[in-house]
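Summarising the annotation, Swiss-Prot assigns signal peptide to 1-19 and lists sequence analysis as the type of evidence. According to Swiss-Prot, the topological domain 'Lumenal' annotation covers 20-175. Taken from Swiss-Prot, the feature disulfide bond applies to Cys22-Cys60, Cys71-Cys78, Cys134-Cys166, supported by sequence analysis. What Swiss-Prot lists as transmembrane segment is 176-196.
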Amino acid sequence: MKYVRCVLLTGALFNIAAGLKCADSKVLSRYKVSQHAAKGKFTESTPPSETTDFWWINLCEEHSEPVPDKCKDDAMFCHRQQVKLDDGKEYVTQVFDVPRNQEVDVEELRDGFQVSFTGKWGERERKVKVRYTCADDKAEDEVSAEGAFGAHTTPVEVALRGPSGCIQATEKSSGIGGWITWLVIYAVLLTLIYLLAKSYMSVGHGSMQDFREEFVERSTNLVSSLPEFAKEVMGKVVGGGPSSRGGYSAV
C-alpha cells in the first residue's frame, strides 16, 4: 500500500508490549480501537485456481473475539491464504499470525495512527504495518492490503478504515466547552464563598437563625439582580450603551 505518512510534530513512536490493554497506551487510549476487531477477505482469480486472502486484526485485549480458523489462539494478527481448485476442493496454503506477546510500535499520524510489529513465518521474520483511519459512517472496519503476501523482502502493509481509527467521544467533547464548564463551576463556588463570608460578617455573633436569614436574603437579592445585570452587559456588548436607570431625587 502506498501512502504518505504525515506524522504530527508532537507525535512520537511509543513502544508498548502487545497484549497489554490499549488503555495503557498514551495514543491508543484516545481511539476506539479497543472496541473492534477488523477482518477482511479478498478473492483473486489465479487459474486454474482461485486464491482468497483472509485478514484478521484484534489489537487490544479489551476486545474479546474468537480467533479465526487455523490461527493460533493467542494471535492478535492473522493472515490466511486459501486456494480453491477447479474441482471445488479448498486448501489452506499459508498462515501467518503474530502473538500478543510481540512488541508493538504505535505512531500517531495526522489522520489516525499506525501500528507496526514483527512476526515469524517459518524461518523468516515478517514486518507488519497497519494503518488506522477514521470513518464515522461505518459500523465495522474495512480492511485493504496491497501487494502479494509472498514478497518476503517488503513489509506486510494493511490499511483499516472505520470506527477503530476514530477518536473517543469524550476526547472530542473536551476543549473549549470543557474549559467553559470549569469556569462556570469556579464562578459558582467563589460566589457561594463570598455570600457565606459576607453573611457571617454581617450577623457577627448572632445566632444560626440570623446567619441563615442573612444568607438567604443576600442570595435572593443576587439572583433577582442577575437578569438586569445580564441585560446591561448585553446592551454594552451590542453597543446599546448602559441601561437606563432611575436616579435619586435631591431632597
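Yeah, the Cβs are placed from backbone N, Cα and C, and that goes for glycine too.
Computed from a predicted structure; not experimentally measured.
Counting other Cβ atoms within 10 Å of each Cβ, the disulfide-bonded residues Cys22, Cys134 show the lowest value at Cys134.
A simple way to gauge crowding: the CB of Cys166 (disulfide bond) has 22 other CB atoms within 10 angstroms, across all the protein chains here. In sequence order, Trp56, Cys78, Arg80, Val95, Asp97 constitute the residues six or more apart from Cys71 (disulfide bond) in its chain with CB-CB distances below 8 Å. Under the three-state DSSP scheme, Cys22 (disulfide bond) falls in the helix class. Across the fold, the C-alpha of Cys134 (disulfide bond) and the C-alpha of Cys60 (disulfide bond) stand 17 Å from each other. One residue stands out among the disulfide-bonded residues Cys60, Cys78 for having the most other Cβ atoms within 10 Å of its Cβ: Cys60.
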